[in-house]
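Chemist: This is the structure I want to talk about, given as C-alpha cells.
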Amino acid sequence: MAAKEVKFGRSAREKMLRGVDILADAVKVTLGPKGRNVVIDKSFGAPRITKDGVSVAKEIELEDKFENMGAQMVREVASKTNDIAGDGTTTATVLAQAIVREGAKAVAAGMNPMDLKRGIDLAVAEVVKDLLAKAKKINTSDEVAQVGTISANGEKQIGLDIAEAMQKVGNEGVITVEEAKTAETELEVVEGMQFDRGYLSPYFVTNPEKMVADLEDAYILLHEKKLSNLQAMLPVLEAVVQTGKPLLIIAEDVEGEALATLVVNKLRGGLKIAAVKAPGFGDRRKAMLEDIAILTGGTVISEDLGIKLESVTLDMLGRAKKVSITKENTTIVDGAGQKSDIEGRVAQIKAQIEETTSDYDREKLQERLAKLAGGVAVIRVGGATEVEVKEKKDRIDDALNATRAAVQEGIVPGGGVALLRSSVKITVKGENDDQDAGVNIVRRALQSPARQIVENAGDEASIVVGKILEKDTDDFGYNAQTGEYGDMIAMGIIDPVKVVRTALQDAASVASLLITTEAMIAELPKKDAPAMPGGMGGMGGMDMM
C-alpha cells in the first residue's frame, strides 16, 4: 500500500478552500446574460467554447491532491444539480463557494463546525419553503417560451422551438436534441411511438417514391423469438387475410424461409404485410415489446408466458390506426390500447426512474416513458461551424431542462432576485450563537448569485443589490442585459423554482461537509526511479580485428 499524506484542521481547510476557489472562479464567469465564455482545450480537434457551468466544472482537475479534493466536491454540486434540475449548475457553484468561504472563516474564529452546519440546514429549509410558497405556476405556451429563452442566454428562437415542441408532445413527451447537417435549426415532431428499427426487406415498401411502408388500420403481431419458418403462424396469417387488414410482425428477427415466404405473398398481392426487428436488446427488448403491446392492446407472444405461436388468435394481436416504416424507423400512431393500462405502465416506469442509480438506465427509461406518454419531438441544431453547433446544442439542452423544471414546480423572478428576497425573510433562530452564525452564513451567501450576475455585466454589485432590497415588492429586480430596473417577471426574467431550490440544497449539503472536515488524506506523489545510465561509448583505438 502506498504511503499517504495526512493534513489536519486549518491547513487541510486552506488547501481545500483553494481548490474550491479555483473551480468556482472558472465556473462563475459564465453566470448571467452577460456571462463570459470559457475556452476548453481538447486533446484532438478544435478547442471547445462554452457558457455551460457543468461543462467547465467537469474539465477541471488540479495537480495538488488536497486542492483537487476541494474542487471535486464542488464539481459534485454542479453535477448533482444538473442531474436533478438540468440547469442552475453555475448558481449552485457560486452558492457553494460563498457558504464554504464564510464557513471556513467562522471555524477559524473558533466556532463549532457541527453547530454551524445545523444553522445552515435550518436556514436552507426556511428558504426552500419560502421559494415554493412564492412560485408562480406556468400555464401558457408564451410562458414556456420565456423560460426557454432565458436559459438559452436570451436567444428567442430556441425558446419558441422548445415551447412548440412541448405543445405538440406534451410536458412528459420526449424532446431530443441532435446536430443537424444544415446551417438551420429545425423542429420535427413524430406523433405516436417511434423506435429505431426499419423494414427487413425493401419489398415491403408500399410507397416506392418515398421508400416507406404505410399500413392503415393494421394488426400487430409481437413475438420475442426469431421466426425462421411460418408453419406455426399459418392459422393466424389466414385469419388476418380474411379480415382484409394489413399485418405488422415485430420479432427478434425474421429470416430465411419465413422472410422469403412473406415477401412472395406480399408481391403476389395476397397479403399486406411488413416485418421489423424488435427494438432494444436483452431485458430491455422484452420491456419495450411489452410497452408496444400495452400501447396497441395486444399480447407479447412469449414462451415464458406459455403462449405458443400455433395457438395465437386475432384478439391477441395489437391494433393501430397507422404504422409507418422507413429504412431506419418504425412509427406506430394511435394504438388501440386501453388508456388505464397505458397510465398504469407509465406509473410503473416512473417508479423505476426514481429507483435507478445508473444514468444510462435512467435515460433509457425516460425515452420509454415519453414514447408511451405521447410522441417524440426532435430539435436539430444547425450552425456554420462544428464549434458553433456544439455550443448551441449545450444551450438548448440547458434551456430544455430548465423549461421542464419550470413546468413541474413553477417559476420565481430570475437574476438571483428570488434568493436575494429570501435572504431578508429568514427569521429562524438557532439554539445557540454558533447556529445563529450558520443561519447568517446562508443569509450572506444568498446574495452571491445576484452579485455575480451584476459583476459579470460590468456593474457595481453592492449598489445594485442595495437598490433591489430598498423596494419591498418580490418581483422588482435588475435586468443585467439592458441595465434597467423593473418587474422581473414582466421583463421575462424568470427562474424555475426547481432549479433555484436544487442549487441551494446541493450547495449547502456539500459546503456543510467541507466546513465540518477536520482531516484530509491523499496518496504521496510517487518519486520516479532514477534513469538508467547511458551505454558506454566505444574505446578509442580499440578496433575489432
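Glycine residues also receive a Cβ, built from the backbone N, Cα and C atoms like all the rest.
Taken from Swiss-Prot, the feature ATP binding site covers T30, L31, G32, P33, K51, D87, G88, T89, T90, T91, G415, D495.
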Chemist: Using all protein chains shown, find which of the binding-site residues T30, T90 scores highest when you count other CB atoms within 10 A of its CB.
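Modeler: For the binding-site residues T30, T90, the Cβ with the most other Cβ atoms within 10 Å is T90.
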Chemist: Taking the Cβ of G88 (ATP binding site) as the centre, count every other Cβ atom within 10 Å, in any protein chain shown.
Modeler: 32
Chemist: Measure from the Cβ of G415 (ATP binding site) and count the other Cβ atoms within 10 Å, all protein chains considered.
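Modeler: Around G415 (ATP binding site), other Cβ atoms within 10 Å: 27.
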Chemist: Which value in Å gives the longest Cα to Cα span across the ATP site residues T30, L31, G32, P33, K51, D87, G88, T89, T90, T91, G415, D495 as recorded?
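Modeler: Between the outermost Cα atoms of T30, L31, G32, P33, K51, D87, G88, T89, T90, T91, G415, D495, the distance is 17 Å.
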Chemist: Can you see whether DSSP assigns G88 (ATP binding site) to helix, strand or coil?
Modeler: coil
Chemist: Non-local Cβ contacts of K51 (ATP binding site) (under 8 Å, 6 or more apart, same chain)?
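Modeler: Sequence-distant Cβ neighbours: T30, G35, R36, N37, V38, N153, E391, D394, R395.
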Chemist: Tell me the Cβ neighbour count for G32 (ATP binding site), meaning other Cβ atoms within 10 Å of its Cβ, over all protein chains shown.
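Modeler: The answer is 25 other Cβ atoms.
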